[in-house]
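Since the structure comes first, as C-alpha cells, the remarks are kept for the end.
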Amino acid sequence: MEFLSGLLIVVLAGLLQGSFFLPMTYTKKWAWGHNWFAFSLLAMVLVNWAFALLTIDGIIEIIVLIPLNLILLVSLFGFLWGIGAILFGKAMHMLGMALGYPIIMGINAITGTLVPALVFAPSVFFELKGLLILLGAIVSVIGIIFCAQASSQKEKEAKIKSYTSKGLTIAIISGITSCLPNLGAAFSKDITAIAIEQGVDQTIAGNVIWSLFFTMGGIVNMAYCLYIMIKDRQLADLLNHHKNMNWSLILGMSLMWIGSFYAYGIGASTLGELGLVVGWPLLVALSIVVGNLWGIFRGEWQKASRKARYNLNWGIAVLILAVIILATNNLF
C-alpha cells in the first residue's frame, strides 16, 4: 500500500512537471528574461521556502546543524543545476516545447537514473529488479527518440530552421545538468538523516535539501536574467500594464514546478531503497507524455504530417510502456 501511494504521488509529480511550462506561453509583452526572472524568484526562492517552512517545523534550526561541507556540496549541485536551468529556458525558447522538452528530459532520464544506481547500489543491476529499472530507462529513451523524431519532422515541415543547431547543443548540455536535483538528493542523504534525527518525518525530510538546492539555483538564474534585462534596458517591463496577468501566470507555473519536486521527494521516499532510481525515470517519462499532450491540445501538431503524428503516437505509447515497467519492478 505504501508503494502504491508513493507511486501515485510520483505520478502527480510527473503531471505537474509536464504541465508547468504552459503558463509561460501565455504571458504578454515579456521577453524570455522577464519570464525567467519572475519564475526564478517565485519558484526557486519564495514558493520554495514557503513550502519548506510549511512542511518542516524549525527548518532553520535544522540547517544550522548541517556540517559546512554538506551545505557546500548541495550548494554546488544547486549552482551547476542553476546554469543548466538557464540553458533549459533558452533551449525551450529556441526549439519550442514539442522538440526541446523530449531531448532535454531524455538525457535527463538516463543520467538521473543510472548515476545514483551505479554509485550507491551497483549490485542491483545483477538482480531482476535492477534489470527492470535499466530496461525501463532504456525504453524511456526509445520513446523519447520517437517523440524527438516526430518533433523534428514537424519543425522541418513547417520550415522552422532558426536556432535549431544552437538550440540542440544547448538542449544536450541542459539535459545533462537537469538530472542534478536527483543527484543532489542522492548525494545529500546525510542532510535528510540529520532532519530525521530532529524528528522530521522521513517522507518530507528531503525538503531541507530542496530549500538549499533550489535557492542557490535561483540566485544564479536571477543574476543572469537581471544582467540581460539591464543590458537590453528592459528592466522596467517587469511592471508593464500586463504585469498582474503575467505575474499570476508565472505564479501558477512556479507552484506546479516546485510542487512537482516536493511531491517527487515524498513519493520517492516511499518507493524503497531504490526510490530515487525508480522514481526519476518514471517522473521524466510521465512529464514528457503530459508535455506532448499539452502540445497537441495547443495545436502544435495540427499541421504536422501523418508520419510525424505516427512517430509521436508511438513515442507516447512507448513512454507509457516504460512507466508500466518501472511501476511494476517492485513486484519482483
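For all residues, glycine too, the Cβ spot is worked out from N, Cα and C.
Feature annotation from TrEMBL assigns transmembrane segment to 6-24 (among others). Sequence-distant contacts of the transmembrane segment (6-24) (same chain, six or more residues past either end, CB-CB distance under 8 Å): 35, 39, 92, 97, 101, 249-250, 252-253, 256-257, 259-261, 263-264, 266-271, 275, 279, 282-291, 293-294, 298, 327.
As annotated by TrEMBL, transmembrane segment applies to 36-56 (among others).
Per TrEMBL, transmembrane segment is recorded for 62-87 (among others).
Under the heading transmembrane segment, TrEMBL lists 99-125 (among others).
Residues annotated as transmembrane segment in TrEMBL: 131-148 (among others). Taking Cβ pairs closer than 8 Å, the transmembrane segment (131-148) reaches residues 99, 102-103, 105-106, 109-110, 113-114, 117, 124-125, 274, 277-278, 281-282, 284-285, 288, 292, 311-312, 314-319, 321-323, 325-326, 328-329, 332 in its own chain, all 6 or more past its ends.
Residues or ranges marked as transmembrane segment by TrEMBL: 168-188 (among others). Long-range contacts of the transmembrane segment (168-188) within its own chain (CB-CB distance under 8 A, at least 6 residues past either end) are made by residues 70, 73-74, 77-78, 80-81, 83-85, 87-88, 90-91, 94-95, 100, 103-109, 111-112, 115-116, 119-120, 206, 209-210, 213, 261, 265, 268, 276, 280.
According to TrEMBL, the feature transmembrane segment maps to 208-227 (among others).
As annotated by TrEMBL, transmembrane segment applies to 247-266 (among others). Packing against the transmembrane segment (247-266) from elsewhere in the chain are residues 6, 9-10, 12-14, 16-17, 19-24, 26-27, 35, 38-39, 42-44, 46-48, 51, 55, 181, 185, 203-204, 206-207, 209-210, 214, 279, 283, 287: each is 6 or more residues past its ends and has a CB under 8 Å from a CB in it.
Per TrEMBL, transmembrane segment is recorded for 278-297 (among others).
Among the features that TrEMBL reports, transmembrane segment is placed at 309-328 (among others). Sequence-remote contacts of a segment are chain residues at least 6 beyond its ends whose Cβ falls under 8 Å from one of its Cβ atoms, and for the transmembrane segment (309-328) they are 7, 102, 132-133, 135-137, 139-140, 142-151, 153, 278, 281-282, 285-286, 288-289, 292-293, 296, 301.
Residues 33-34, 36-37, 39-41, 43-45, 48-49, 51-52, 56, 59, 62-63, 66, 71, 74-75, 77-79, 81-83, 85-86, 181, 184-185, 188, 191-192, 194-195, 200, 235, 258, 261-262, 265 of the same chain lie 6 or more positions beyond the ends of the transmembrane segment (208-227) yet place their CB under 8 Å from a CB of it. The stretch from 36-56, 62-87, 278-297 with the most CB pairs below 8 A to the transmembrane segment (99-125) is 278-297.
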